[in-house]
Amino acid sequence: MARRVSFPPPLLLISLCLVPLLLFAGRGAHGRFISSPADEASADLLLSDGVSSRPASESQTLLLPRLPRLFAAGQCEQTYGFLPCTTTVVGNMFLVISYGFLMYKAATYLSSGSELLLEIMGPGIVGGLFLPILGALPDAMLILVSGLSGSRETAQNQVLIGMGLLAGSTVMLLTVLWGSCIIVGKCDLSDNSTSIDSQDTKVFSLFGSGVSTDLQTSYAARIMAISIVPFMIVQLPRIFNFPSGQRLAVLLSLIVAIVLLVSYCLYQVFRPWIQRRRLAYAKHKHVISGILRHAQMQALGRLIDDGKPNLDVMKKLFHKLDLDSNGSLSHAELRALIIGIQIDEIDLNTDDAVDKIMIEFDTSQNSSIEEDEFIVGLTKWIDEAKRSVANSGAYSKKFMHEFHMKTRDEHNMLLDQSDEVVENVDNPTWICIKAILLLLLGTVLAAIFADPLVDAVDNFSVATSIPSFFISFIAMPLATNSSEAVSSIIFATRKKQRTSSLTFSEIYGGVTMNNLLCLAVFLALVYMRHLTWDFSAEVLVILIVCVVMGFFTSFRTTFPLWTCFVAFSLYPLSLALVYVLDFICGWS
């Protein structure tokens, strides 16, 4: 969804001012080991440390290490050698919030820049390749630095933060954000269970209000469901109790993730072309339905008799269309037929329609259609119509009418979806420059502050004794996905099927990129650094949420209000499941 985004000077100023503030705060944020001095003379000089060799009764009030570590400082390692660090709970909370805000701004600038670029360049390379990758860049950067830090043992510990971010982003998008978009985007549901645009009179009716999407959104949900294949592959050695094959499984899963990622990007790049092909096919299918309905209305008899095409009626129709009685239908005779039908529901190019019919029927390629070719081609059309409206009575005029109406609706729906065109914008050069600057700024911020954020989360985990997975699962997705979440919610408030379809398509696309790009980065780290794969509980959570929501959204286009509670319930369930499996069942 392309939106014009203005550059936010106040927020940029805050971002730039926060960097020197952090540097200034770092002058006193790190501490020293608090230990007994080597001799009594040294102790007399270090009374401020509260440590001496005196009896405990004499120095009890000066012993800072006995206080909770809420404010007591110890030694820590500064990121890049100069950024602030601390071992206290409050200090690390401040750093997590600060670095998280900067990562949020990085994600915002990347999103704004890519959408500005989309405005002037349109879909294809930008919308299909750059937008999805840039959207997942902050997450991928955080996962990358979580596994590159220090020794192999350090990386093994910190990479759990990357897995928490990966799982947290996927779960948050499919549960909290998905359910929120249902609530803010709900409209009244009609009798045929489709939402009525901009009409919300039933308030919080669990079954009477909801959201409708198009078929294209269902396809996006199916692609998202397919993206979990690498997660399944990497877990095979654990499932079949074959630990020696874990490294091979990681490599195979990495290859599959890269292949699926490239395939998904190519699909996104060529989707406008695919969309045009679908629209052309829908238009051709509507012409077919018009010809069949016209033939049925000519009182020549039933085209279908006892469930099968009526050959006698087809022959009568052929001879009626053969105006010069030469035993074949020419291009001019087909053109006269289509003009005579007067299909006004669509913008039809008559010559193009005739060419398509000629190609489809003229198997002998002699630029004319003989009687047997006409019967074979018409039989295929009837069989396709029977599959499309299988529930209609095949022996009545209602059958042909319903097929014609259905093909018209399919065409109109695809026509609504094909509005991804480049808009005329004022001063495209300046917009392009601003987009590039935003992209550079977002990339630089993400690259610089990804590592400090991971360190701050790790230190906060140590200071609070809270597993780093849960911190990264809950907090870090808020930093990297908040801009997309707010944008999706605002877009969903327009309460139209078109905007709802785009909103949920973006959610599924974001999850797909998490499951492919971010997982590929994670698997590459595990393989290259010889890390132990010990994330069965986390992977199981991702699989459960993706399978449930993927199956739930792939085969339906209308979601009543009650469905949001299904999504919401999966979020606490995911956290509880990881806790039970890791800390009670001992999976890790």
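For all residues, glycine too, the Cβ spot is worked out from N, Cα and C.
TrEMBL annotations: computationally assigned, not manually curated.
Values in this document were obtained by computation on a predicted structure and should not be read as measured data.
Annotated features in TrEMBL:
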| type | residues | note |
| --- | --- | --- |
| SIGNAL | 1-31 | signal peptide |
| TRANSMEM | 80-104 | transmembrane segment |
| TRANSMEM | 116-138 | transmembrane segment |
| TRANSMEM | 158-184 | transmembrane segment |
| TRANSMEM | 219-236 | transmembrane segment |
| TRANSMEM | 248-270 | transmembrane segment |
| DOMAIN | 309-344 | domain 'EF-hand' |
| DOMAIN | 349-384 | domain 'EF-hand' |
| TRANSMEM | 431-450 | transmembrane segment |
| TRANSMEM | 470-492 | transmembrane segment |
| TRANSMEM | 504-527 | transmembrane segment |
| TRANSMEM | 533-552 | transmembrane segment |
| TRANSMEM | 559-581 | transmembrane segment |
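When Cβ distances are compared across the two stretches, the transmembrane segment (431-450) makes no contact with the transmembrane segment (504-527), since fewer than 3 pairs at least 6 residues apart fall below 8 angstroms. The transmembrane segment (504-527) makes contact with the transmembrane segment (219-236): 3 or more of their CB pairs lie within 8 A, with pairs spaced 6 or more apart in sequence. Residues in the domain 'EF-hand' (349-384) partition by DSSP class (helix H, G, I; strand E, B; coil) as 26 helix, 2 strand, 8 coil. Touching of the transmembrane segment (219-236) and the transmembrane segment (158-184) is ruled out by the presence of fewer than three CB pairs under 8 A, sequence neighbours closer than 6 excluded. Long-range neighbours of the transmembrane segment (533-552) within the same chain, counting only residues 6 or more positions beyond its ends whose Cβ lies under 8 Å from a Cβ of the stretch, are 160, 163-164, 166-167, 170-171, 174-175, 178, 221-222, 224-225, 227-228, 231-232, 234-235, 238, 246, 249-250, 469, 511, 515, 526, 563, 566-567, 570, 574, 577-578, 581-582, 587-588. A mean pLDDT of 78 is what the model gives for the domain 'EF-hand' (349-384). Counting same-chain residues at least six beyond the ends of the transmembrane segment (559-581), those with a Cβ under 8 angstroms from any Cβ of the stretch are 167, 171-172, 174-176, 178-180, 182-183, 186, 189, 204-213, 469-470, 473-474, 536-538, 540-541, 544-545, 548-549, 552-553, 587. Helix, strand and coil content of the domain 'EF-hand' (309-344), in residues and according to DSSP, is 22 helix, 3 strand, 11 coil.
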